[in-house]
């Protein structure tokens with residue numbers, strides 16, 4: 001397996017699972033966490049390593065260290081492994097997904113932004129979903145026909161129990177306290193704004209070529225997806241909130257190893273599902289428009305990354321993230337995109353506009 005994003009939450013969990021099944025790791029890539037990368041190198045002995053910045057190269061305990069995006073693409077080309085787990089955060093992961101598709105590799109995709117911004121250019125790629133909701137949908141949809149509607153669930157994020165009027169005052173520390181999941185900073189903020197759920201709906205549309213998709217809040221994160229059939233029947237996928245299950249579905253050839261303790265239905269508290277309030281989560285207003293106009297993905301994602309970065313750096317408030325997105329959409333409208341190069345152009349233009 002080739003693992004990009006090895007020091008993040010998904011990468012660390014993937015390596016625990018790889019150790020469980022003795023899956024050889026041929027390549028590791030990370031951003032700046034060189035100390036953890038060196039521990040991973042010592043344990044998994046990859047043939048190739050990549051880091052973001054050449055200034056850290058001398059710190060890496062390996063004799064084949066590649067640098068930046070060029071280095072990632074070199075690894076994909078040179079390494080014969082058929083499986084890439086792409087756990088790079090954000091738009092930065094897109095070029096690796098495109099290269100892996102070009103090379104015919106199986107892509108265990110944790111980088112949902114690839115599909116959000118460029119789904120129409122990734123048709124035909126061999127994707128294995130790593131998000132828990134999409135792994136759940138894959139399980140529910142296998143061999144099924146006559147589907148009326150799909151649902152994925154949201155926990156509500158760090159501010160589910162907050163009143164709308166209190167969201168003006170929330171701090172970064174508050175926003176990073178996810179009630180159910182242990183994740184990286186960016187996705188934890190995206191969960192709090194509901195941008196993550198918006199992106200997951202578009203991801204599901206591209207993965208399963210189906211537009212009747214919605215999301216509901218299920219605060220305990222025990223139900224991950226539901227499938228409604230035309231005859232009125234519905235199925236649901238239950239599991240505890242732990243990313244290892246979805247990762248194992250993507251990287252293991254057989255799903256015969258105990259990964260989590262099953263949900264004990266006899267002890268399970270009452271489940272409640274709630275619609276997502278677009279007053280509290282204004283970004284979610286974009287769901288239907290986005291499904292109608294998937295080209296909006298590059299604008300929404302770039303603006304969201306700028307807004308989240310500013311919030312993480314204490315340069316703006318929590319509510320400014322949504323304002324950032326709507327400001328960019330007002331300016332650019334629906335982009336006409338006919339090539340992958342235009343995706344990169346619109347990403348650049350959106351960031352430049354919001355920084356000016």
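Glycine is treated like the rest: Cβ placed from N, Cα and C.
According to its DSSP assignment, residue 31 (NADPH binding site) is coil. For 7, 8, 9, 10, 31, 33, 111, 113, 184, the entry in Swiss-Prot reads NADPH binding site.
What Swiss-Prot records for 112, 132, 133, 155, 178, 191, 196, 197, 200 is 1-deoxy-D-xylulose 5-phosphate binding site, and it gives sequence analysis as the kind of evidence. DSSP assigns residue 112 (1-deoxy-D-xylulose 5-phosphate binding site) to coil in the three-state reduction, outside any helix or strand.
Residues annotated as Mn(2+) binding site in Swiss-Prot: 131, 133, 200. According to its DSSP assignment, residue 200 (1-deoxy-D-xylulose 5-phosphate binding site) is helical. Spatially close to residue 200 (1-deoxy-D-xylulose 5-phosphate binding site) yet at least six residues away along the chain are 112, 131, 133, 134, 152, 215, judged by Cβ distances under 8 angstroms.
Spanning the residues 7, 8, 9, 10, 31, 33, 111, 113, 184 that the record associates with binding NADPH, the maximal Cα-Cα distance equals 22 Å. In this structure, the binding-site residues under consideration are 7, 9, 111, 196, and the one with the smallest number of other Cβ atoms within 10 Å of its Cβ is 9.
The Mn(2+) site is defined by 131, 133, 200, and by the 8 Å test on Cβ atoms against their centroid, the other residues of the chain that qualify are 112, 129, 132, 134, 137, 152, 196, 197, 203, 204, 224, 225. Taking a C-beta cut-off of under 8 angstroms and a sequence separation of 6 or more, residue 184 (NADPH binding site) has the following same-chain neighbours: 8, 9, 89. A gap of 20 Å separates the Cα atoms of residue 7 (NADPH binding site) and residue 178 (1-deoxy-D-xylulose 5-phosphate binding site).
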